[in-house]
Amino acid sequence: MTTPSKFRDIEIRAPRGNTLTAKSWLTEAPLRMLMNNLDPEVAENPKELVVYGGIGRAARNWECYDRIVETLRQLNDDETLLVQSGKPVGVFKTHADAPRVLIANSNLVPHWATWEHFNELDARGLAMYGQMTAGSWIYIGSQGIVQGTYETFVEAGRQHYDGNLAGRWVLTAGLGGMGGAQPLAATLAGACSLNIECQQSRIDFRLRSRYVDEQAKDLDDALARIARYTAEGKAISIALLGNAAEILPELVRRGVRPDMVTDQTSAHDPLNGYLPAGWTWEQYRDRAQTDPAGVVKAAKRSMAVHVQAMLAFQKLGIPTFDYGNNIRQMAKEEGVANAFDFPGFVPAYIRPLFCRGIGPFRWAALSGDPQDIYKTDAKVKELIPDDAHLHRWLDMARERISFQGLPARICWVGLGLRAKLGLAFNEMVRSGELSAPIVIGRDHLDSGSVSSPNRETEAMQDGSDAVSDWPLLNALLNTASGATWVSLHHGGGVGMGFSQHSGMVIVCDGTDAAAARIARVLTNDPGTGVMRHADAGYPIAIDCAREQGLNLPMITGKR
């Protein structure tokens, strides 16, 4: 038996147009989105199946990828494919409204939910890290997090700077699949940004895709550019090659005062995602094979230094927040007792949106035609005519965001509006206004689909941060409601042992059957977010539940 391979020198792109390569659009859609996750315009390291986030993969190995593709092409519309940590393990007879694919990635019994145990399983070919949208086949490149990052920066501007970020600058690090959204989000919010990244290839990627505007040659040059652009009120993003664990302490030593500090390095995965200070990337990858425990220790030591610098900025009164990569936890484990003195971005800025079921609604055009996305942009404006903030986002997205792979759009909307938009998109497919079906999905980072005490569910007012029944219920309800594919993952965003989360995708193929499924899924999915926050006692969520007619027996009293 040949050894399964995680490397293949190949380029993959999803088919375009309206010609099927599978038996229906319900199986063509997951096939194209799986391939799109591995498009070289989309994935961080597609030849090793890595989509984003350290080692977040789309399939366990290339043999599994081949068999998934083969199976999806043969799958009937009354069958369901089961995928276990990136490996296709079964096809079962179900029914037309059941999901065509059910995915479980990286899930471990809690006592064994550690990176050490996971890495052992991964090395033996028994597991795969799915991150959030890597293993659930709905990653759309950095755009997928741009609006969430933009909303965070805008809200921080409202809270700290009277809603005006002109002449202000953000200090951050990480230009990978997620962190790469930061420079563009800051620019769209009106601020300059200094973005530290330890790999030149990632800086080059963001420069090519226009997510970052310029690269400075060194720290002095970067600070000179920041000073010039902030004085002129220009929102320009600057990349700097270097190590955040070295540069942030130097900025503190120099007395430099950013206007906002955060971080989006892959600190959740010390073995694969965070370069120790003083090391080259080549040393880091080589030693990860020969001395993984030593690498983890060195990376976490550097994270501790990084967080201490962030704490120093906070002590100066500078708004400082964690952007969900678990760096505070890593620093705390290295002895930084007050690592959690600065907040995470969700309790600080995003939770009121979650209380209304508002989160990262996204869709992709299976046709590959950008015009299909532009037509849906116009439909969103037509159906939501009075939301100037949303209209501004769509205008900026069209102007500044380069599509990666299949054209796609991210748009934060909540309960009520998601179903309205989904049904409208389905009608556009039916009428021929769109040239092929649309898939609608979301990040697992949503209001009802994740339990993550150091990120999305940090500081819940009832203390239910670590209760993970909610994403399980979300996945079960989306399955019962007829989503086209449903996923249930562990460890995304913050690493092993720190999160559980679920995802869903539904196809708009223009049929009546699709319309019925869309109405159920795109109501019930955000409805679980309102339910979860109402159950925790948030008045905004309770009011939303009543306004939207949710039947929450312990809260709304509806029978």
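A Cβ is built for glycine as well, from the same backbone N, Cα and C atoms used for every other residue.
Swiss-Prot annotations:
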type: ACT_SITE; residues: C411; note: active site
type: BINDING; residues: 53-54, Q131, 177-179, E197, R202, 243-244, 264-268, 274-275, Y323, G493; note: NAD(+) binding site
Nonlocal neighbours by CB distance (under 8 Å) for S266 (NAD(+) binding site), same chain, sequence gap 6 or more: G53, G54, G174, G176, G179, N272, G273, Y274, N325
A244 (NAD(+) binding site) to the residue listed as 'active site' - Cα separation in whole Å: 31
Distance, C411 (active site) to G493 (NAD(+) binding site) (CA atoms, angstrom): 20
Neighbouring C-beta atoms (10 Å sphere around the C-beta of Y274 (NAD(+) binding site)): 30
Euclidean distance between Cα atoms of G177 (NAD(+) binding site) and the residue listed as 'active site', Å: 18
DSSP state at A244 (NAD(+) binding site), helix/strand/coil: helix
Cβ contacts of G177 (NAD(+) binding site) (under 8 Å, same chain, 6 or more positions away): A43, E44, V51, Y52, G53, G56, Y139, G141, S142
Nonlocal residues around E197 (NAD(+) binding site), in sequence order (Cβ under 8 Å, 6 or more apart): A173, G174, L175, G179, I203, A239, L240, L241, G242
Binding-site residues compared (G53, G493) - highest count of Cβ atoms within 10 Å: G53
Fewest other C-beta atoms within 10 angstroms, as judged across A244, C411, which are the recorded positions: C411
